[in-house]
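Engineer: Next up is a structure, given as structure tokens.
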Amino acid sequence: MAYHTPKLVRMLLGGLHVNVCPRNFTHVQKLATNHSRGFTSSARCQDGQSSSGSTDDNLTVNFINRHGETLKATAKEGESLLEVVIRHHLNIDGFGACEGTLACSTCHLIFDPKHFDQLGPISDEEMDMLDLAFGLTDTSRLGCQICMSKAIDGMTVHVPKDVADARGETVGQQSQN
Amino acid sequence: MSPRCSWLYRLPGRALLGGIRTLPTTRCPGLHRSLTSSAHPPQICIVGSGPAGFYTAQHLLRHHTQAVVDIYEKLPVPFGLVRFGVAPDHPEVKNVINTFTQTAHSERCTFLGNVTVGRDVTIEELQTAYHAVVLSYGAEDKRLLGIPGENLPGVYSARDFVGWYNGLPDNRHLSPDFSAETAVILGQGNVALDIARILLSPIDLLKKTDITQTALDALSNSRIRKVWLVGRRGPLQVAFTIKELREMIILPGTRPANNPSDYQNLGDFIKDLPRPRKRLTELLVKAALEKPGEKEALRRSQSDREWGLRFLRSPVAVLPSEDGKKAAGIRLSVTRLEGNGENAVAVPTGETEDIPCGLILSSIGYKSVPISSSVPFLHKNGIIPNSMGRVQDAPGLYCSGWVKRGPTGVIATTMTDSFDTAQSLLEDIKSGALNYSENRLGASAIRELLLLRGIQPVSFSDWEKIDAVEAARGAEVGKPREKILDPEEMLQLVCR
């Protein structure tokens, strides 16, 4: 499948580089045959230490979803937060619509400042997508771009409350984009 | 004009004689479902199978354990603007189809393609067959320029042009004219940038996408070398988003040709802008004013195609060629801005400017149309009046997507707004505001009507046959798919 090619070509020709987890541009796969969304290889972190894929599921991360529920999940070193959500079928509606290809902002997560600082640099492309996210904060990142590591083991991240603030109870009004 | 299976023409008489109850239940999964269920499940139908329809269905199915959700679509193929709107060189965005497919595979979800609501079946009939009807039929019309010469050959709406290169059946005969050197796009949103990219992309990049072969052939012979995107207002009011701008700036074989003076005085404003607008403006300024590095300068000098943004210009008239037979240019009124920021208004100064060009694409927005006189509609805003997706003064009727909030936003916007509508519906079920104690027959009742009318719905597994053929045809030429353009051909594939 040539699905990833145009993006890859654009990235290469444009001389752009993705700082955090280059996996998304080298390992995006078309998942037409994989409707279970177990896209373990599409959003796999490939940042050195975990390129072979750690098998130890010995890290933890807590997600607080839109309903305020805390969802505790185990994670492997190098696994992206999007992968963690998918693998554990966590109850977060609409998470990861573009399947980790930096084409949407539906895996938007909000971090505590102390963990945010541990996350490493952010690419222009991730910033571009975050710009379209609802409820953007100073400590927002996209879950598909964050790889689990010991440094952030046990952290809690928030799924942003959605958009009632942007639109409210509108009757016949055009919302802002 | 409705595409139908020929063998069905012979059936209506028999169906009439047989009456409703004699139909085998194997043909009526909806009926089977409702008979075997202990209590009556809420029967819900959705009109339109684009992102709004599928995201609404997804939320309903996920958060209600019994609800039956059927999705009606006028074309034989699903996914609306994901198939017919998203640019062919943005395959990542189309990954949402995988989730939609999962939704369609739910036992409680039935896809009924090739059914035009409002013609083959009425809203009233849907309301009789279902407890709730969700309108998610999008914005299928275009806004008109309303200027002289708009109908000349060489002038196309973005809507039709995008439909043409994306294989929308209605637009398959468009045959746009690429014989001139310059194209003018009226509008500065993401659709305008999509079109500029398609017009200027190296053909080898497009060959690997699911753009139609017809479009590929026409673009291979295109003489277009310059594309200007014209906006009534200034650089602080552009509607496109930063990802699309960044792509345009680095598009191989092209160079940006912007007017530095448009950007020189923006510095003071930028720092106080909200982050998205700030980053977007910074990128605009950088592309226009910053001296490119050696490598980029070389790239630009070797590029033979160029594009640029033209601000403070409003279209006044399409200028005809000497023989009056096609467009040869556009007259623009020079404007100035009154007010600041998003609310600034363009006011004509009285000056005009003419740009010679042979291709004019108006990309000034989409527009929803009323589906039935029984459904309230706000013509001024082009939307159905609603409160969190509940159609005003119409119990049991809901709306989501562009017909609910207007034709703006990315797929994520539509996703959230569809979830909101689904949530409203679920709350109404819970509170009793939506009464579903009375059994409704859902799809089986509608199938009866369609059978009488000689309409054969296309199921999701039918679509998967079409999908497989398209993918196989694409694989032969190194594309993800080769879309079938003719609905008749689609129907023949599933009517065997």
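Each Cβ is built from the backbone N, Cα and C atoms, and glycine gets one as well.
So TrEMBL has the following annotated:
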DOMAIN    B:43-199  domain 'FAD/NAD(P)-binding'
BINDING   B:A52, B:E73, B:L81, B:V117, B:W402, B:G409, B:V410, B:I411  FAD binding site
BINDING   B:Q188, B:G189, B:N190, B:V191, B:R232, B:R233, B:E244, B:G409  NADP(+) binding site
Engineer: Around the C-beta of B:W402 (FAD binding site), how many further C-beta atoms are within 10 angstroms, looking at every protein chain?
Structural biologist: 29
Engineer: Measure from each Cβ of the binding-site residues B:A52, B:Q188, B:N190, B:G409 to the Cβ atoms of chain A, and list in sequence order the residues where some distance is under 8 Å, or 'none'.
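Structural biologist: Checking chain A against the binding-site residues, the residues within range (Cβ-Cβ under 8 Å) are B:G409.
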Engineer: Using other CB atoms within 10 angstroms as the count, which residue among the binding-site residues B:L81, B:V117, B:V410 scores least?
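Structural biologist: Fewest other Cβ atoms within 10 Å, among the binding-site residues B:L81, B:V117, B:V410, is found for B:V410.
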Engineer: So what sits near B:Q188 (NADP(+) binding site) in its own chain, CB-to-CB under 8 Å and at least six residues off in sequence?
Structural biologist: B:L229, B:V230, B:G231, B:V238, B:A239, B:F240, B:L309
Engineer: Looking only at Cβ atoms, how many others are within 10 Å of the one on B:G409 (FAD binding site)?
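Structural biologist: 18, counting other Cβ atoms within 10 Å of B:G409 (FAD binding site).
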Engineer: What does the structure give for the C-alpha distance between B:G409 (FAD binding site) and B:N190 (NADP(+) binding site)? Integer Å is fine.
Structural biologist: 10
Engineer: Which residue, out of the binding-site residues B:R232, B:R233, shows the minimum number of other Cβ atoms inside 10 Å of its Cβ in this structure?
Structural biologist: B:R233
Engineer: As a test of the contact definition, list every same-chain residue at least 6 positions from B:V191 (NADP(+) binding site) whose Cβ is closer than 8 Å to its Cβ.
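Structural biologist: The list for B:V191 (NADP(+) binding site) reads B:A158, B:V162, B:S363, given in order along the sequence.
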Engineer: Rank the binding-site residues B:E73, B:E244 by how many other Cβ atoms lie within 10 Å of each Cβ and give me the one with the fewest.
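Structural biologist: Each of the binding-site residues B:E73, B:E244 was scored; lowest Cβ tally within 10 Å is B:E244.
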